[in-house]
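**Q** Right, I'll just put the structure down here and ask away after.
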Amino acid sequence: MTQDDAPPSSSQQGLEEENHPRRRDVLATVTLGMGCAGACALAYPFLNSLNGTQSSRIGEDDTVEVDCSKLSPGQQLVVTWRGWPVFVQRRTPEMLASLRVPELAHRLRDPESKMHQQPQDAINWHRSVVPEIGVLIGICTHLGCVPSFDAPSSGDRSGKYACPCHGSQFDIAGRAYKDAPAPYNLPVPPVTIISDQHLLIGKSKGDPDFDIATIQQI
Amino acid sequence: MTDKSQDLSRWVEKRLPIVSSFRREYVDFAMPKNLNYLWNFGAFATISLGMLLLSGIFLALNYSPTVSDAFSSIETMDRQVASGWLVRSIHMGGVSMLFAALYVHVARGLYYGSYKAPRELIWLTGLGLLLMVMITAFAGYILPWGQMSYWGATVVVNAFNTVPLIGKALTSWLMGGEGLGNAALHRIYVLHFLTAFSIIGVVALHIATLHVAGSNNPTGIDPESSDETVPFHPYYTSKDGLGLCFFLIVYAVIVFFAPDFLTLAENYVQANPLVTPQDITPEWYFAPFYAILRAVPSKLGGLILATGSIGVLFAVPWLDKSPVRSAKSRPLLRPALLMLFFSFMALGFAGMHPPAGGWLWLSRVAVFYWYLYFLILLPLQSRGETASSLGFAKEGRE
């Protein structure tokens, strides 16, 4: 500092200054660095505010209770959980049998549910807590449309899901077919069976630590 | 590689000389070398304005300008939106910092005669900015839709109604006919945004005129040779930078440690058109004008004197006939001017107390002095004064 501030009274001092031209560069660089660090710190609250209210963090109850007493075998009803459409289906024996056909596995992308798209207690052949009731988040893993439910009929006794946007196909347990664009199985939300006719979406008894935000894709 | 980038910069330079203009106006720009720290406050105001605009955009993303949702959207911001309390605190603290910087900035201009030829347009655009900032701040204060927002707006709207000829039409245009309701709130929101961003344009004019005449300085005598000037960078970038560090420390203390120090708890009660709060007190930066409004026992008279108190500032370049700029060289004016600053502060304090007894009389004396200074002392002083040799000699040479 002293050298920089002192007037170059003698030529020798001027020469010395020329030999140490870096001193001010260091100051300028440090100042610039601190300024950038400050700008980043300032940017944090602004960008963070874009995350919105984060309602899950403030302990709101976001579970949904579903009464499926009026649901006949082969039907599905659609409820809303966290703003997503959730399909609740009651499966017929024919639908369940179609899930276990050995040839089917070759046509599916992930027949064993290895991808993290469901809670632990839905990693099974029927992708649900109990075989008779299936619960799926109805958002196509391709580009987010809602697949339509092709209910079992006399022609196709197993039923399936078909996405109207780009033709993705899923079996009745939400497993994606290979020859269609959707890359992953339909997500399964955390489900707890309360009684024969009631279930709770949003909390999983078999996998209490499950967080829907951690799955592969919704 | 360097050749190529030089070619590119030459190509751009020929079409849009932005780099060389920046260098001319902000790096090599000749500044008087004797500026004191009072010359920092323009930079302070610019920085506060920038912070206000930035935080305002992010607040606007979470705000709903409807009577039913405005208050709760502010509460949501304070309590639930991630870092929302901090963004709002930056915005509210920024207003106080901006007004504080502006008042010092204006006072500095008055003291050192920065409004005199050839800088009249700097003064006028600056006062225009002050008015725009006031309109923006007032509109912004209504948006949270608390008790103070609502009743402050009511009082000002009714005061506006008393303006002859145009008052009724203007309020009707602003309010959309149905009183302080959804239409009014939506318009006030748009007004807040519109004036806030228009301020940038006027700041550009203000700085453009400043760069024609150059900065005034504490002696009020323009530098004659390059011996008396230094380049803007690094001399005033570092001087502004140092001052800015202290300014930002004060700002940060308000934002982090005292976000509610300058605001009224009453405004965290939702607007209720059936109950007027017991003490209506304005924000500190409006307190002087509020005191004037109350000092006059006449509806229209108070309004005229309050708006006129800023109005006279516009006439200052022509009221002050002395060729000497700086009050440092005007021994008769200097104490009168310091008294003016005190009376402004006295009005500020009076505006925050109930208008009775001593405070009422203090505000009356201060208003009287405000007008006495601008309409009588300032125009007459130049006649009787013998300017100290320094300032006068220089002006005589010109």
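Note that Cβ sites are derived from N, Cα and C of the backbone, with glycine treated the same way.
Note that this is a predicted model, so its numbers are computed, not measured.
Features from TrEMBL:
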{"type": "BINDING", "residues": "B:H91, B:H192", "note": "heme b b562 binding site"}
{"type": "BINDING", "residues": "B:H105, B:H206", "note": "heme b b566 binding site"}
{"type": "BINDING", "residues": "B:H211", "note": "ubiquinone binding site"}
{"type": "DOMAIN", "residues": "B:8-219", "note": "domain 'Cytochrome b/b6 N-terminal region profile'"}
{"type": "DOMAIN", "residues": "B:222-392", "note": "domain 'Cytochrome b/b6 C-terminal region profile'"}
{"type": "TRANSMEM", "residues": "B:37-64", "note": "transmembrane segment"}
{"type": "TRANSMEM", "residues": "B:85-106", "note": "transmembrane segment"}
{"type": "TRANSMEM", "residues": "B:121-143", "note": "transmembrane segment"}
{"type": "TRANSMEM", "residues": "B:155-176", "note": "transmembrane segment"}
{"type": "TRANSMEM", "residues": "B:188-208", "note": "transmembrane segment"}
{"type": "TRANSMEM", "residues": "B:241-258", "note": "transmembrane segment"}
{"type": "TRANSMEM", "residues": "B:300-319", "note": "transmembrane segment"}
{"type": "TRANSMEM", "residues": "B:331-352", "note": "transmembrane segment"}
{"type": "TRANSMEM", "residues": "B:358-380", "note": "transmembrane segment"}
**Q** Which listed range (B:85-106, B:121-143, B:188-208, B:300-319) shows the maximal number of Cβ pairs under 8 Å with respect to the transmembrane segment (B:241-258)?
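**A** Counting Cβ pairs under 8 Å, the winner is B:85-106.
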**Q** Roughly how many Å lie between the Cα atoms of B:H206 (heme b b566 binding site) and B:H192 (heme b b562 binding site), rounded to a whole value?
**A** 21
**Q** For the transmembrane segment (B:121-143), give me same-chain residues lying six or more residues beyond its boundaries with a C-beta closer than 8 angstroms to one of its C-beta atoms, as numbers and ranges.
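**A** For the transmembrane segment (B:121-143), the sequence-distant neighbours (Cβ-Cβ under 8 Å, at least 6 residues beyond its ends) are 56, 63, 65, 70, 74, 95, 98-99, 102, 105-106, 109, 114-115, 149-150, 152-153, 156, 185, 188-189, 191-192, 195-196, 198-199, 202-203, 205-206, 209-210, 213, 283, 285-286, 310, 313-314, 316-317.
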**Q** 10 Å Cβ neighbour count around B:H211 (ubiquinone binding site)?
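**A** Its Cβ has 14 other Cβ atoms within 10 Å.
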**Q** Let me know how many other Cβ atoms fall within 10 Å of the Cβ of B:H91 (heme b b562 binding site).
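**A** The answer is 21 other Cβ atoms.
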**Q** Which whole-number value in Å describes the distance between the Cα atoms of B:H105 (heme b b566 binding site) and B:H192 (heme b b562 binding site)?
**A** 23
**Q** Does the chain bring the transmembrane segment (B:155-176) near the transmembrane segment (B:300-319), so that three or more CB pairs sit under 8 Å (pairs 6 or more apart in sequence)?
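**A** Answer yes, regions in contact.
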**Q** Given pairs 6 or more apart, does the transmembrane segment (B:37-64) have at least three Cβ pairs under 8 Å with the transmembrane segment (B:358-380)?
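**A** Contact between the transmembrane segment (B:358-380) and the transmembrane segment (B:37-64): absent, because fewer than 3 Cβ pairs are under 8 Å.
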**Q** What residues, ordered by sequence, lie under 8 A Cβ-to-Cβ from B:H192 (heme b b562 binding site) and sit at least six positions away in the same chain?
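**A** When sequence neighbours closer than 6 are ignored, B:H192 (heme b b562 binding site) has B:T136, B:A139, B:G140, B:L143 within Cβ distance under 8 Å.
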**Q** What whole-number Å value do you get for the CA-CA distance of the residue listed as 'ubiquinone binding site' and B:H91 (heme b b562 binding site)?
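**A** Cα-Cα distance, the residue listed as 'ubiquinone binding site' to B:H91 (heme b b562 binding site): 30 Å.
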**Q** By a Cβ-Cβ criterion of under 8 Å, what residues six or more beyond either terminus of the transmembrane segment (B:358-380) are in contact with it?
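**A** Sequence-distant neighbours of the transmembrane segment (B:358-380): 291-292, 294-296, 305, 308-309, 312-313, 315-316, 319-321, 333, 336-337, 339-340, 343-344, 346-347, 349-351.
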